[in-house]
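> Can you read through this structure? Questions will come right after.
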Amino acid sequence: TEWAPHVSPSLSCSALRGLGMVELVSCRPPMLTGGYFVPEKESYDSGAQVAYTCEEGHKPAAEGWWSTSLCQGGTWVPRPQCIDEGACLPPEITNANFPPSDNGWYPHGHKIRVTCIEGYTHQNFRATAQCGNGSWSTLPVCTKHLGACDEPPRILNAVVINRGHQEVFTEDSQVQYQCKEGYVMEGGSADKKSICSGGKWADVPKCSKWKRSALCVLDAAHYPSSTVKLSGVQYLKEGEEREIPCIWHWDPHTSLARCTRGKVTLFPCKCSRFHLITRHNFFLF
């Protein structure tokens, strides 16, 4: 057993782990059926390596006719195995998933069903493969869906906040951008979303430097007991008016928000103009 220098051997393993130090554990000889390994020892130090191969009718559970294994923490990694030569190793299929094998290989005759990842589809509708005599039948191929999009475009001074990074997005996927501090989205929206449509991203926003003299900020946090329905932050241009839904009314009521010289004015709730028009059967052209 090897110990870190300047540390008392009387310290327990848990105490050593607390100090960021661990005991180096040796390995016993690997259990290998249907093959042999070198060198043969009674014990192997941590970090030691063995090479092994298999007898006729068997093969290593790895690519090639021989393989190696490393002693790590008292365990051989990967575990040396000699498997039937008719078995198959896991196939390599890009942009796809399939059920993993508990022991790292699949027996002769085993069939797997392949699932393409988001944004990809099976080519020629082929979704299964079968292991036979050590190799797989024709493997399924996952190709990019015609309507899918590549990663959303990078825009200056903004980041995507509602999705993790991925290379392909399915059609109708939505990503939400947010500008960095000191910038606002053109048009005044605070939660602009871009949609994947026909293989392209639509409505990609732009972030511009915030000019206090040109914009008003309508922040829900500033109106905690308000009678209007607000969520998040909205921006209004100088002179812009926007209808805001009201609460605690049976009929549709709205408040008018107006931006004047950098300040927002909220007017009392009134029955919405559209509701008044339809209620009295008036129509505007």
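Keep in mind that glycine also has a Cβ here, set from the backbone N, Cα and C atoms.
Whatever TrEMBL says is automated annotation, not expert-curated.
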> Choosing among Cys88, Cys116, Cys142, Cys149, which residue does TrEMBL name as bonded to Cys131 by a disulfide?
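Looking through Cys88, Cys116, Cys142, Cys149, the record in TrEMBL gives Cys88 as the partner of Cys131.
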> Could you tell me the mean pLDDT the prediction assigns to the domain 'Sushi' (86-144)?
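Taking every residue of the domain 'Sushi' (86-144) together, the mean pLDDT is 94.
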> Name, in the order they occur in the sequence, the residues of the same chain whose CB lies under 8 A from the CB of Cys88 (disulfide bond) and which sit 6 or more residues away.
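In sequence order, Trp105, Tyr106, His108, His110, Cys131, Gly134, Ser135, Trp136 meet the Cβ cut-off.
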> What is the number of residues in the domain 'Sushi' (25-84) that are helix, strand and coil, as DSSP sees it?
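Helix, strand and coil residues of the domain 'Sushi' (25-84) number 0 helix, 28 strand, 32 coil.
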